[in-house]
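First up is the structure itself, then whatever we jot down about it.
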Amino acid sequence: MNMNANQVSDVLRHARRLVVKVGSSLVTNEGRGLDEVAIGEWSRQLAALVRGGADGVPREVIMVSSGAIAEGMKRLGWTSRPKEIHELQAAAAVGQMGLAQMYETKLRENGIGSAQVLLTHADLADRERYLNARSTLLTLLGLGVVPVINENDTVVNDEIKFGDNDTLGALVANLVEADALVILTDQKGLYTADPRRDPAAQFVHEAKAGDPALEAMAGGAGSSIGRGGMITKILAAKRAAGSGASTVIAWGREPDVLLRLVQGQSIGTLLVAQTAKTQARKQWMADHLQLRGAVVVDDGAATKLRHEGKSLLPIGMTAVEGEFARGDVIAVRDASGAEIARGLANYASAEARLLCRKPSLEFEPLLGYAAEPEMVHRDNLVLMGG
Ligand SMILES: Nc1ncnc2c1ncn2[C@@H]1O[C@H](COP(=O)(O)OP(=O)(O)O)[C@@H](O)[C@H]1O
Ligand SMILES: N[C@@H](CCC(=O)OP(=O)(O)O)C(=O)O
């Protein structure tokens, strides 16, 4: 289970795109109200990461923050958590105002822009919305803005809820193909048993993400504010590892926790992904997605894809096969019919047929709107047989 110290520090040191998740109990100081000092501290560190202040390397960071329900309950004067789902949803809507506002203020004080993004399970299960969410988040990251994400509690009920933001954090890590997921909580990390209940529990420094032995160690939530407990964090690490992201579970009040992690300090519990990102992406495309159609490309485009790692532009397309929607997986074939690659289509088949052989300047007059210059962006493309 153990790795040597260099490997451990390298995982976070080399991470360029991170998803940081903080739980309700930390964000709201166990339900007492938004913890301005703590949010200020994380914001200062997030800003430093974006600027490269930790080690001279700028990073892209997404914050997944819980706390809306707890803060909403406080604002509404409710002392116990309501049972009715619509009351929880109402509390979340009230609390989310304060939550977003506080991150906005604290990040701005540190010279960094922020953006509120509310997501549901259905958003990520729907391929078009998945692609839209992905494009929006990647655009925000490219702008140096920190997206602050929570579940869109207003429109979900129990059955389709993520339910805990650990899962949401992992799905966001999958969505943007993050290098690492950092879960900040009220414990130093994972112990062999719930330390609140078992004083003999031993700290786990590192393990393989997805190791089934971890699931047996994890108990439920420790406070009345937190929801998932450690089990959802262990499962989140497994899920994040599916797209090649390693997970760290650490104490959110550890001084400079985020900065020290990316400097390679061994803090918290590291759950190492066993699959590299590119391999994971290939696997994901191969396993989860059905081919909906294909585009045929000319020799020039085939060379750019195969040997130069470029995106597929419509100008290199000669034909479109089948019917597909934006966000569907399509094959890219060369003139001989050989499959070069698979990827997520930015355009539905009907639009793609209009765009064949066309330069991007002509897209707007043809479609009536300006959209992506690529048919398949290189980030959403995997080469076959390579
Ligand atoms: N094996 C374990 N190691 C550490 N903490 C555990 C373990 N099993 C259960 N827990 C509990 O999980 C809690 C953290 O989960 P939770 O309360 O949901 O926090 P958050 O709001 O940060 O998601 C801890 O306070 C702890 O009591
Ligand atoms: N969307 C909910 C978060 C759900 C939740 O409690 O998550 P967590 O505290 O991370 O286990 C909220 O903001 O209150």
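Cβ atoms are placed via backbone N, Cα and C, with glycine included.
Where the annotation comes from TrEMBL, it is an automatic prediction and has not been curated.
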Select one of LYS21, LYS310: the residue that TrEMBL places in the ATP site alongside THR185, ASP186.
LYS21
Taking ligand 1 as the reference, state which of the binding-site residues LYS21, ASP153, ASN165, THR185, ASP186 have a Cβ closer than 6 Å to one of its atoms.
THR185, ASP186
Of the residues in the domain 'PUA' (293-367), how many are helix, strand and coil by DSSP?
28 helix, 22 strand, 25 coil
For ligand 2, which among the binding-site residues LYS21, THR185, ASP186 have a CB under 6 Å from it?
none
Of SER66, ASP153, ASN165, i.e. the binding-site residues, those within 10 Å of LYS21 (ATP binding site) when Cα atoms are compared:
SER66, ASN165
Fewest neighbouring Cβ atoms within 10 Å: which of the binding-site residues ASP153, ASP186?
ASP186
